Amino acid sequence: MSTYTQPVMLLLSGLLLLTLAIAVLNTLVPLWLAQEHMSTWQVGVVSSSYFTGNLVGTLLTGYVIKRIGFNRSYYLASFIFAAGCAGLGLMIGFWSWLAWRFVAGVGCAMIWVVVESALMCSGTSRNRGRLLAAYMMVYYVGTFLGQLLVSKVSTELMSVLPWVTGLTLAGILPLLFTRVLNQQAENHDSTSITSMLKLRQARLGVNGCIISGIVLGSLYGLMPLYLNHKGVSNASIGFWMAVLVSAGILGQWPIGRLADKFGRLLVLRVQVFVVILGSIAMLSQAAMAPALFILGAAGFTLYPVAMAWACEKVEHHQLVAMNQALLLSYTVGSLLGPSFTAMLMQNFSDNLLFIMIASVSFIYLLMLLRNAGHTPKPVAHV
């Protein structure tokens, strides 16, 4: 059976268009708020509203998928995000945008949960790593192209909203030509997210998603600040961030394939060790290009491998709930990690960015090394 079936390819095609729209809005909304002379705290609160929507969307989507299936859940999520886009143009103001960014956050999280769950349910224990690697590649390529679009087109609010909303709705079109089957058995009771978070045999995967959120959130949010404080120009900062993200894109497929072939525990151990090495290299002022490349290649691929690990440990009908738990764990890590690291950097040294990344990675490595490798055989394999 082919890994990249027609439903999978069409799903990823639609996701690419949605990711473009999401990346453009996430970049421009803070700038539009600043142009409206809103204070820094107001910009921060609007951003928090979006992430709060992410959390709510993550919690709701499992129920929606069980009720109406993957296809219609995907359509609904896309329409919710499109409404969040278009709503920004109806009334410009703090409270209005607070509400619309919350709506967009709900839609965005629903899209991620639907797509990730559909891919995991479509795959097996032998190819799930490659499926999630393809998903992450589409995500990062879409984010990169979205940033490129921002630099090439008009960034005026009323110029951007029509085509961004159009992109979101166009993301629905590929799935009109296929049906992604929801293979959760109807006679199974709903699985709670809490039970997935407490599942002992999947704990390494859950912890891996939290660590991944801390690492990626810190790199995305604080790496530009670190480089700026080192005297790097804005143009060069863009170049070094491109190196970091490009490494993440290039690492997805080979690492996903290695995880499928040699086992996810071994690959996770190597990945985390490489993240620690990359962090030490940055602290030692070694050649920045190779240091950032190995940091990006290993750090940006932690999430899909940890997710695939956790999904091996549950029954097939529990995959959607497990995906919700993993996305929730990642979101919590990406929210708390940068906040704590930023406080350390402000009060002590910018080098705390890489000390923090190396420290949490080392803790996770100890967890991985404690696992003797005689875990139960994967059960979510059909």
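Cβ atoms are placed via backbone N, Cα and C, with glycine included.
Marked as topological domain 'Cytoplasmic' by Swiss-Prot on the basis of sequence analysis: 1-13 (among others).
Shown for the topological domain 'Periplasmic' (35-44): DSSP residue counts in helix, strand and coil, namely 6 helix, 0 strand, 4 coil. Residues annotated as topological domain 'Periplasmic' in Swiss-Prot: 35-44 (among others).
The feature topological domain 'Cytoplasmic' is assigned by Swiss-Prot to 66-78 (among others). For the topological domain 'Cytoplasmic' (66-78), the residues of the chain that approach it from at least six positions outside its boundaries are 11, 14, 18, 57, 107, 110-111, 114-115, 117-118, 121, 168-169, 171-172, 175, 179-182, 184, 190, 320, judged by C-beta separation under 8 angstroms.
Residues or ranges marked as topological domain 'Cytoplasmic' in Swiss-Prot (evidence: sequence analysis): 123-130 (among others).
What Swiss-Prot records for 152-156 (among others) is topological domain 'Periplasmic'. A Cβ distance under 8 Å defines the sequence-distant neighbours of the topological domain 'Periplasmic' (152-156), meaning residues of its chain 6+ beyond its ends; these are 28, 31.
Over the topological domain 'Cytoplasmic' (178-203) the predicted model carries a mean pLDDT of 72. Among the features that Swiss-Prot reports, topological domain 'Cytoplasmic' is placed at 178-203 (among others).
Feature annotation from Swiss-Prot assigns topological domain 'Periplasmic' to 225-234 (among others); the stated evidence is sequence analysis. Distant neighbours of the topological domain 'Periplasmic' (225-234): 240, 345, 350, 353; these residues of the same chain sit at least 6 beyond its ends, with a Cβ under 8 Å from one of its Cβ atoms.
Residues annotated as topological domain 'Cytoplasmic' in Swiss-Prot: 256-269 (among others).
Per Swiss-Prot, the feature topological domain 'Cytoplasmic' maps to 312-324 (among others); the stated evidence is sequence analysis. In terms of DSSP secondary structure, the topological domain 'Cytoplasmic' (312-324) contains 9 helix, 0 strand, 4 coil.
What Swiss-Prot lists as topological domain 'Cytoplasmic' is 369-382 (among others).
With a cut-off of 8 Å between Cβ atoms, the residues of this chain six or more beyond the transmembrane segment (14-34) that come close are 42-43, 46-47, 50, 74, 78, 81, 85, 88, 97, 101, 104, 108, 111, 115, 135, 138-139, 141-143, 145-147, 149-150, 155, 157, 160, 164-165, 167-168, 170-175. Annotated transmembrane segment per Swiss-Prot: 14-34 (among others), in sequence order, evidence recorded as sequence analysis.
According to Swiss-Prot, the feature transmembrane segment maps to 45-65 (among others), an assignment based on sequence analysis. Long-range contacts of the transmembrane segment (45-65) within its own chain (CB-CB distance under 8 A, at least 6 residues past either end) are made by residues 26, 29-30, 33, 38, 73, 76-77, 94, 97-99, 101-110, 112-114, 117, 182, 184, 190-191, 193, 320-321, 324, 327-328, 331, 335.
Feature annotation from Swiss-Prot assigns transmembrane segment to 79-99 (among others); the stated evidence is sequence analysis.
Residues annotated as transmembrane segment in Swiss-Prot: 102-122 (among others).
Residues annotated as transmembrane segment in Swiss-Prot: 131-151 (among others).
Note on the transmembrane segment (157-177): residues 10-11, 13-18, 20-21, 24-25, 28, 32, 71, 74-75, 78-79, 81-82, 85-86, 88-89, 92 of its chain, located 6 or more positions outside it, place their CB under 8 angstroms from a CB of the stretch. Summarising the annotation, Swiss-Prot assigns transmembrane segment to 157-177 (among others) and lists sequence analysis as the type of evidence.
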Contact yes or no, the transmembrane segment (270-290) and the transmembrane segment (348-368), 3+ Cβ pairs under 8 Å, gap 6+: yes
Per-state residue totals over the topological domain 'Periplasmic' (152-156) - DSSP helix, strand, coil: 1 helix, 0 strand, 4 coil
Contact call for the transmembrane segment (131-151) against the transmembrane segment (291-311), three or more Cβ pairs under 8 Å: yes
Result, the transmembrane segment (235-255) in contact with the transmembrane segment (348-368) (3+ CB pairs under 8 Å): no
